[in-house]
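Some features that Swiss-Prot has for this protein:
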| type | residues | note |
| --- | --- | --- |
| ACT_SITE | 203 | active site, glycyl thioester intermediate |
| ACT_SITE | 350 | active site, cysteine persulfide intermediate |
| BINDING | 52, 73, 80, 81, 82, 83, 84, 97, 141, 142 | ATP binding site |
| DOMAIN | 300-390 | domain 'Rhodanese' |
| TRANSMEM | 45-65 | transmembrane segment |
């Protein structure tokens with residue numbers, strides 16, 4: 001199936017003398033040339049997130065001369081971001097990611113315009129925001145935002161480039177419900193339903209090899225330039241799958257699913273994706289303790305079994321003194337339940353409190369009715385009780 005598309009953007013009227021000098025290596029490419037560079041100059045591209053995928057994509061789109069770049073990010077730079085989010089530096093830790101990204105972009109190319117949207121993308125603002133741009137790029141790492149971006153792009157009539165990464169793997173594609181010649185597909189044609197909560201970890205939980213971000217982001221940026229200028233064949237209707245350990249790329253055809261309901265409105269995506277599973281939320285009700293409460297329990301000599309449900313690689317980085325490692329996967333399979341002591345109150349913890357709530361549901365179903373989990377996980381414990389603790 002051919003996915004050649006007409007140019008998404010009309011060309012600007014002219015290039016300045018400075019622009020001709022700056023983009024000269026583009027101008028001498030026959031398929032791109034002056035016309036293509038004028039289209040890049042006139043383009044308005046919105047990038048969702050200045051994180052692992054957004055960071056290198058923003059840098060290359062800016063260097064390529066995309067005339068207006070919008071950045072959606074409400075987060076601040078954390079030291080753990082620097083391993084892969086190359087648009088930020090040590091001096092930016094604690095700063096707004098959007099502002100840090102803007103400063104890096106301006107340092108590379110002062111000829112373009114950068115618009116900041118320091119907000120949380122939500123059903124109340126997504127469609128109106130998308131209508132201000134020609135093209136959207138989504139590299140977010142949670143399913144609620146991915147489905148929101150997809151549905152808002154459909155309602156706004158906008159194409160978007162999507163990418164994702166996990167450990168040593170990456171994926172990328174182009175979605176555009178209203179693409180010409182009946183080529184339209186959207187994210188729900190590939191993934192009609194989100195996976196069960198907890199099945200697919202985020203980068204914070206599962207990790208990612210930092211340089212994988214550059215590989216996938218370069219594909220995303222390339223697709224953006226192809227869409228804007230109308231050159232080549234895009235990934236519309238195809239999923240690109242990258243495996244860094246095998247150093248392989250393969251593509252999978254995406255076809256329109258006629259059974260997928262038509263998107264007519266935005267919904268509550270946290271609820272739709274079940275960010276926390278229903279049984280986990282139910283188990284945590286009345287069975288959640290704060291770091292302060294755990295400290296008091298430990299100091300009082302209460303009989304506890306402190307259970308770390310994270311993966312062994314996380315345990316090796318840091319753990320709470322006196323804890324026992326029983327990964328959530330072993331608890332869910334039943335193998336780890338036999339390791340839980342019967343004569344003490346089990347206190348489960350993970351990194352941020354999500355996985356421990358999910359493990360708590362399995363523990364309670366097994367008869368450990370007095371088991372509890374730690375609110376906010378080891379991150380909250382470190383911040384409130386042990387600020388000198390190493391954190392990842």
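The backbone N, Cα and C atoms fix where each Cβ goes, glycine too.
Quantities reported herein were computed from a predicted structural model and do not represent experimental measurements.
Everything Swiss-Prot records as a feature, shown here on the structure.
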residue	record	Cβ within 10 Å
52	ATP binding site	27
80	ATP binding site	13
82	ATP binding site	15
84	ATP binding site	22
141	ATP binding site	21
350	active site, cysteine persulfide intermediate	26
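The two recorded residues, residue 52 (ATP binding site) and residue 350 (active site, cysteine persulfide intermediate), show a Cα separation of 23 Å.
In the three-state DSSP scheme, residue 350 (active site, cysteine persulfide intermediate) is classed as coil. If you take the Cα of residue 141 (ATP binding site) and the Cα of residue 350 (active site, cysteine persulfide intermediate), they are about 19 angstrom apart, rounded to a whole number.
Comparing the Cα of the residue listed as 'active site, cysteine persulfide intermediate' with the Cα of every entry in 80, 82, 84, these being the binding-site residues, the smallest distance points to 80. The record assigns 52, 73, 80, 81, 82, 83, 84, 97, 141, 142 to the ATP binding site, and the maximum Cα to Cα distance across that set is 20 Å.
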